[in-house]
Amino acid sequence: MTRGKQKIDAQKRNAEKNQKAKGSQLEARAVALKVTCPICKAQLANEKQLGDHYGSKHPKETPPAVSS
């Protein structure tokens, strides 16, 4: 019977470990995304991503000046 109890305990531990995190990541996402594309309103993390975004999504437009 020892093996049966160990198996049940292991299943409980695995279930707890594999549980999804509670709560939403919207707040963390909002903090990380600080730059917004003025054309399509896409939110990006930094100016470098904005430059890459302009190159792929708005190739005929000139990217805004980097504010440093």
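The backbone N, Cα and C atoms fix where each Cβ goes, and this holds for glycine too.
Note that TrEMBL annotation is computational and uncurated.
Secondary structure of the compositional bias 'Basic and acidic residues' (1-19), assigned with DSSP and counted as helix (H, G, I), strand (E, B) and coil, comes to 16 helix, 0 strand, 3 coil. Sequence annotations record features per position, and here TrEMBL assigns compositional bias 'Basic and acidic residues' to 1-19.
TrEMBL lists 37-58 with the feature domain 'C2H2-type'.
Residues or ranges marked as region 'Disordered' by TrEMBL: 1-24. Nonlocal intrachain contacts for the region 'Disordered' (1-24), taken as residues 6+ away from its ends with a CB within less than 8 angstroms of a stretch CB, are lacking entirely.
When pLDDT values are averaged over the domain 'C2H2-type' (37-58), the model yields 92.
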